[in-house]
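In TrEMBL this protein carries:
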BINDING   102, 103, 104, 115, 116, 117, 169, 230, 239, 248, 249  ATP binding site
BINDING   115, 117, 169  Mg(2+) 2 binding site
BINDING   115, 117  Mg(2+) 1 binding site
COMPBIAS  17-29  compositional bias 'Polar residues'
COMPBIAS  594-626  compositional bias 'Polar residues'
COMPBIAS  667-682  compositional bias 'Polar residues'
DOMAIN    23-216  domain 'Poly(A) polymerase nucleotidyltransferase'
DOMAIN    368-430  domain 'Poly(A) polymerase RNA-binding'
DOMAIN    431-514  domain 'Poly(A) polymerase RNA-binding'
REGION    1-37  region 'Disordered'
REGION    521-711  region 'Disordered'
């Protein structure tokens, strides 16, 4: 019943099997796989094994046993609650109740030790209060259940627990039905009629997952390709919905769209085509797996013709089940730049892999984060005990994207790159942790790092005090509102330079990052001098710049472009950070587009102070106190080693690419006139996050701040 590997009605068959639907457009290629493609797929599967992305049969059976126990527990609970509400026992026995799965487990791409996303569906006589009351108490009584906690105030309320060694996130939905039979299918849209919003949101995960599986032509090829892309995204630090990157369902929909465009391709080809398609995608043109359903049950759906906020979404990926939503509304200008850079880098690597110049392991090499930037904001989050720390870190992580948005509003910050990995305070560096009320270091401390890239301007003065203060205030206010804030919970934001990172991180980690960074610089210099990848010459870089400019212009004029710009050109000014130009952006241009001598070495950059431009930046270390930090760097790219890559000028052109994008969303054809004619006053604001009510740069006087000399 809960086997994530079972075949689906529309998906199953082998290579070349017919399908009922291939999405919004016809396939780009229906070519059958060649022998070399099959060989590359076998090599790909073997390269994934060291990363524990596959689960043994014994572990899979253990998960199914746990879900069976949980399903029996739900039926027993529904029966007992119904009897307690004076329902005859014979009727209560027939009510049912069922556990459904969704997410990576349901898609069949979960890795070893992964959690399970599940949904408890109950009949109409069971209230949500019963779920978070009697059922929560019943779970805590089970000997296999530990770390059980309810998050009833969440946007999608959930009970989190560890059931016999497996983490489970269990949602709840109450259907307007008398009974829930064992073979009940949740795909019927009319099930949502008269349901509350929380139940609709809870049901959405299962409905979207089932629809994705139904819309791919070959499930086995889809699964292997998705495992690859998920591993790549995690290794490259762009896997986190809450922080503004893509989450699991978004990556699944992108891979599913690739499968629709190349229905007979094997996994290795699909991975290559994935980067080909989405490194050239005309964002903010939406990605859709099918024509939106014509259902009207009163729930809001993603539609930029109607909803003004939808026009500001930067990389919309629309869920295929009603009510259709954008799964990537958290994407910001900075996270968009980072992801586009990784798409283009992935395109170059997979080009080399398919030509036999590289092995698949190259795709999974993690890039250096801490040697990409010279200046960072470090968030220190501390608590006095493990349970409090788990909740506190969860809340802070869900709010970090608002700090990124605050930083992006600063005209002198080109990029605020958040590292999705949460680091624990290293014992050796406990002196930098936060102190409790008794003056002693708190027992639990976690850290997040945000790399900052400032614009290259002489006599630059930047004050980040207000941005940091607003963030910490909003976190505390929300914690108080949901009654989560407890003694010992603290959050602090500090500005640090790269050479100060050793105070916060394991020195061995920094050594590994330095080695990766040096290796990358050396390889780029070699590629640049040899011009072996076809993208090293300045002429190629200029050509790529022109193509990127054309692509940005096309995106802004697309039917659902994210800005009500009109014809005065204000959109390009508003979205100065929203269009990726691989040849001109100082932080993400290809090192191969420069001469080898222009590639900056870290040691030389730090030593060559006489050739630097010194700027003054006032930065609050704790949002209430200031410190003076001196830094200098060489002029290219803010003194940073350039680790980005420009779009690959691949020899293979995307067949009928223009037609593919033009036809991708026929139901939104009138959005251009709608967005251009409404004169939306927000068009000059940086509203890319879809929150037009957020305050822009405040004119109120910030606290006095010390000046920090930096590049």
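Every residue gets a Cβ built from N, Cα and C, even glycine.
Curation does not apply to TrEMBL; its annotations are automatic.
Here the features listed in TrEMBL are painted onto the structure.
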residue : record                : Cβ neighbours (10 Å)
102     : ATP binding site      : 25
104     : ATP binding site      : 23
115     : Mg(2+) 2 binding site : 15
116     : ATP binding site      : 24
117     : Mg(2+) 2 binding site : 24
169     : ATP binding site      : 18
239     : ATP binding site      : 20
249     : ATP binding site      : 23
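Remark: secondary structure over the domain 'Poly(A) polymerase RNA-binding' (368-430) totals 27 helix, 17 strand, 19 coil, with classes taken from DSSP.
Sorting the domain 'Poly(A) polymerase RNA-binding' (431-514) by DSSP state (H, G, I as helix; E, B as strand; all else coil) yields 33 helix, 24 strand, 27 coil. Listed in chain order, the residues near the Mg(2+) 2 site other than 115, 117, 169 are 103, 105, 116, 118, 160, 167, 168, 170, each with its Cβ within 8 Å of the site Cβ centroid. Rounded to a whole number, the C-alpha distance linking residue 117 (Mg(2+) 2 binding site) with residue 169 (ATP binding site) is 5 angstrom.
For the domain 'Poly(A) polymerase RNA-binding' (368-430), the model's pLDDT averages out at 90.
Among the binding-site residues 104, 169, 239, the ones whose Cα sits within 10 Å of the Cα of residue 115 (Mg(2+) 2 binding site) are 104, 169.
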